[in-house]
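Undergrad: The structure that follows is given in the form of structure tokens.
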């Protein structure tokens with residue numbers, strides 16, 4: 001493909017001319033996050049109905065449900081997901097440190113309530129290994145916290161009454177508080193209640209964007225690290241080794257070391273059963289099911305087959321009594337009595353609640369994003385936060401643990417032909433049948449089988465290690481985020497690891513903004529386009545003009561780097577000219593005056609000219625703060641006094657509004673602003689080299705005028721500009737800057 005190289009001459013336009021011709025309008029609004037929630041909102045009966053439909057999406061889609069078209073697919077998909085989720089629910093309950101039956105309760109209520117409040121047709125809400133493990137760790141931490149408080153109170157009492165006779169019976173009775181005998185499921189359900197409340201509040205405040213702080217690199221590294229915790233916790237159950245409970249830095253390594261020391265105490269029968277079940281799962285899920293899916297819309301539920309097979313064998317051959325294999329034991333029929341969460345526990349679990357709710361909603365919104373992109377569906381993210389929050393809050397009255405969406409279950413839901421949220425109804429129906437009629441049959445289920453199901457479910461998580469190869473090619477910083485996330489999660493506990501990962505990722509963002517990339521631009525031959533000088537060879541050399549681009553918002557954190565970069569560009573260009581002259585001349589003298597940059601000495605044959613213009617491409621500025629505004633003004637006048645006139649090109653309207661609000665144009669006229677780089681270059685070619693001194697004559701400011709000139713500088717003895725001198729900023733007002741900037745943030 002060939003492109004014509006015809007460079008058409010035209011008159012340049014300043015930004016002011018451009019705005020006048022195209023009738024530019026200043027932004028009249030002052031939108032804040034608060035009034036944007038209620039702008040143009042008129043409360044009426046009609047709006048109340050709309051709000052109800054928005055909060056209860058089922059009222060919108062169920063009247064339009066096409067039974068002939070969708071019912072069969074939803075029925076098959078719902079039953080298939082139900083068959084898969086039953087063994088998962090039983091297994092993940094172990095991670096949460098509660099009885100397996102609570103996993104069935106969790107799966108039932110999660111599927112049922114999300115069907116009512118959710119907007120995604122395909123997402124399957126239920127137990128999730130990482131969330132379950134985080135909950136289990138949180139329960140242990142809260143128990144320890146309550147125990148420490150009780151011990152501390154007892155020690156304080158004994159210290160105060162150390163010289164008195166103390167009746168041990170009365171002493172024990174005195175410190176019997178409301179938390180004595182609190183069961184783990186009570187703590188878990190209380191956490192679920194508050195997790196749901198936080199998610200609802202986030203949805204109503206429309207702050208779902210906060211989930212973006214958990215980047216893909218953080219989630220991937222955190223997931224793999226959490227998978228190590230999951231597997232380590234289940235190895236004890238696989239071999240029935242009673243390992244010491246250790247916490248703190250390197251707890252996984254300590255636990256594995258303790259398991260190795262006690263490997264001779266393992267239950268060989270339990271280990272053999274676990275190995276056989278693992279082989280069955282591997283052959284079935286990795287070899288048989290991929291072939292089955294090519295011909296049918298369903299898969300063979302090998303987890304359920306393993307559960308049924310070994311439950312039956314355990315019952316027939318008395319695994320528990322003869323071989324001392326741990327089994328589930330008593331499983332009640334039906335639901336437990338509904339009860340209120342223990343709200344007084346809230347102060348002791350605030351940190352854990354925030355972390356679990358944040359991770360759960362991040363995983364859920366990520367799943368929604370994946371399915372929206374692949375299937376072309378739409379989800380309301382803020383309604384999804386409300387939906388998963390209501391699901392948790394309403395479920396918390398029935399002894400459940402925290403939930404989120406599962407990728408494997410959701411993909412299975414799609415592959416089996418689900419069309420609407422009604423598939424969750426059939427999933428919940430199947431789980432209900434198990435709870436009401438079949439739960440006692442699970443009493444003989446070996447615990448090692450549930451542990452193997454959990455371990456095998458992490459296989460897909462460990463495959464995320466493949467992301468490292470891609471991240472290394474794309475960005476070394478993203479690669480480091482993954483590594484830090486993985487190591488911090490593995491070596492510390494989950495909560496600490498997640499916080500370390502987020503802090504590190506935010507720091508890398510700060511560093512990237514503080515030291516962004518910058519470029520000098522060249523004109524592509526025969527066009528009005530300007531690109532990175534180092535990327536193209538077919539360019540037109542511009543005499544006495546340097547074009548500079550800074551690819552970042554201009555903030556107090558990077559403004560020094562911005563100035564240093566420009567200094568580097570200016571002096572590099574001047575040095576290049578100097579070196580070229582040295583080749584053609586034996587000697588010369590360089591003298592910089594406040595009027596212009598003059599090379600004095602013998603005549604020479606240099607192909608370059610003195611740099612008289614610096615064009616700053618402002619298109620990369622997405623935001624600019626107060627410190628940066630003052631820096632731009634200082635830079636403009638400092639370079640102007642050494643003979644380099646600064647032009648600003650391509651500044652976005654919000655940036656110009658900020659400059660206007662800060663009285664920027666009282667110091668630097670608008671004639672130095674241009675709508676495009678090419679307009680600035682044309683202006684440089686048409687103007688005089690000493691343009692700055694035409695506008696700002698040296699030593700022309702009177703005493704009365706000094707206060708009005710923002711960047712008036714005291715005359716320096718040698719007329720040279722240091723660039724670091726203190727400058728008065730009388731005309732810049734913080735109030736006007738903040739007022740006008742509030743809607744541009």
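Backbone N, Cα and C define each Cβ position, glycine as well.
Sharing the feature lines straight out of TrEMBL:
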- 535-684: domain 'STAS' (DOMAIN)
- 43-63: transmembrane segment (TRANSMEM)
- 75-95: transmembrane segment (TRANSMEM)
- 102-119: transmembrane segment (TRANSMEM)
- 125-143: transmembrane segment (TRANSMEM)
- 185-205: transmembrane segment (TRANSMEM)
- 266-283: transmembrane segment (TRANSMEM)
- 295-317: transmembrane segment (TRANSMEM)
- 345-365: transmembrane segment (TRANSMEM)
- 385-404: transmembrane segment (TRANSMEM)
- 424-456: transmembrane segment (TRANSMEM)
- 477-507: transmembrane segment (TRANSMEM)
Undergrad: Pairs of Cβ atoms less than 8 Å apart decide it: which stretch in 75-95, 345-365, 424-456 has the most with the transmembrane segment (477-507)?
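TA: Most contacts with the transmembrane segment (477-507): 345-365.
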Undergrad: Among 75-95, 295-317, 385-404, which stretch has the highest count of C-beta pairs below 8 Å with the transmembrane segment (102-119)?
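TA: Top-ranked stretch among 75-95, 295-317, 385-404: 385-404.
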Undergrad: Under 8 Å, at least three CB pairs between the transmembrane segment (295-317) and the transmembrane segment (385-404) (pairs 6 or more apart)?
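TA: Counting Cβ pairs under 8 Å (6 or more apart in sequence), the transmembrane segment (295-317) does not reach the transmembrane segment (385-404), since there are fewer than 3.
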Undergrad: Relative to the transmembrane segment (385-404), which of 75-95, 125-143, 185-205, 424-456 accounts for the most Cβ pairs at distances under 8 Å?
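TA: When the Cβ pairs under 8 Å are tallied, 185-205 comes out ahead.
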Undergrad: Between 75-95, 345-365, 424-456, who has the most Cβ pairs under 8 Å to the transmembrane segment (125-143)?
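TA: The stretch with the most close Cβ contacts to the transmembrane segment (125-143) is 345-365.
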Undergrad: Considering only Cβ pairs under 8 Å, which range in 185-205, 345-365, 424-456 makes the most contacts with the transmembrane segment (75-95)?
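TA: So the stretch in question is 424-456.
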Undergrad: Mean pLDDT across the domain 'STAS' (535-684), rounded to an integer, is what?
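TA: Taking every residue of the domain 'STAS' (535-684) together, the mean pLDDT is 78.
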